[in-house]
Amino acid sequence: MTARVGGQSRIRLIGWSEIEILLCALGIYVCYIRYGILHEKLFKTPYEPDGAHFRYPTGLIGIQCVMNALFAALPGLVLAKQPLTTPMWKFAGAALTYMSAMLFSFMALQHMSYPMQALGKSSKMIPVMLMGIVIRGKKYKLRDYLCVGLITGGVLLFSMKKASAGTDSHSSPMGMTLLCLSLLMDGLTGPVQEKIVEQHNPTSHQLMFYQNLFSIFWIGIVLGITGEFGRTRDFLLSHPTAVRDVLYFGLASAIGQNFIFYTVRNISALACTTITTTRKFFTILISILWFKHKLSLRQMFAVGMVFSGIIWEAVSKHRARMARSMEKAKTS
């Protein structure tokens, strides 16, 4: 789709880059909406035959990383058309922050509802902004601070407990602490991945495979120390219906990661963060409808604050891109 400027130059409003990012967004939305539903279901469903609940976030991360690595192994190792030049220690560093973010996030879910956790994860821009200021000396526009303020304020408003009975308890101090640690690790992971791509140019599947391979190593250490490997195995052996949900969960993660790493590798980490953040809106809505969470008017207003900030940021970036395109067309 194109438009004329001054009757002569033409601006392509929709090209392959727009189609590409839309396809990536669609893939991430579909996979991780399903991922979010299964995530909450795993921890809140009483599984037959004894009505026990799944309580093994570390074991679940291990299974998820194994399935992610398996899905990336063939294209990342066998079909890759370029040699790998990235030092393994860089993949290990990215894996450590990535695995830690997931672990803290999964643990936080045991102390808060999924909508609260998903809203908190929508604040991923905060650690990214802080690291940009402290480490890279970045300067942000007033709009950037206002968007972050809207999101942060919405999260805090949503997490405030209401005194009246009958309102769900959405968070606890432990849950908020774990959520903050997860956000910190998320903030570290993005720049590390970007640096690997910038310096060594691995394929998306090479990045996905080796990051998950080292994640298996890190999570294996945790499983060995805590003994959770055996407890996870025993639970799944005695609850076959949980095995089905775990496999579906891992499948959604593995397919979704293909879209995520493709976006990081071929578009940008910023675009990936925008997509994964906005998809939480749909995750929250579906979680609320599916599990019938009780939300007060105050909490609904908080949801509006969070996603007003997200949408404002996305629209501003699109307008800036269109302005650059029009300026380029005028001078060509």
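Just so it is clear, glycine is given a Cβ too, placed from its N, Cα and C backbone atoms.
No curator has checked TrEMBL annotations; they are predicted automatically.
Record features, source TrEMBL:
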TRANSMEM  21-38  transmembrane segment
TRANSMEM  58-79  transmembrane segment
TRANSMEM  91-112  transmembrane segment
TRANSMEM  209-226  transmembrane segment
TRANSMEM  271-291  transmembrane segment
TRANSMEM  297-315  transmembrane segment
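Same-chain residues lying 6+ beyond the ends of the transmembrane segment (91-112) with a Cβ under 8 Å from its Cβ atoms: 39-40, 43, 55, 57-58, 60-61, 64-65, 120-121, 159, 170-172, 174-176, 178-179, 181-183, 185-186, 188-189, 192-193, 196, 207, 210-215, 217-219, 222. Here the transmembrane segment (58-79) has Cβ contacts under 8 Å with residues 42, 99, 102-103, 106, 203, 205-206, 208-210, 212-213, 215-216, 219-220, 222-223, 226, 228-229, 231-233, 246, 249-251, 253-255, 257-258, 261 of the same chain, all six or more residues outside its ends. Same-chain residues lying 6 or more positions outside the transmembrane segment (209-226) and placing a CB less than 8 Å from one of its CB atoms are 58-59, 61-62, 65-66, 68-69, 72-73, 76-77, 84, 86, 88, 91-92, 94-96, 98-99, 103, 193, 202, 232, 257.
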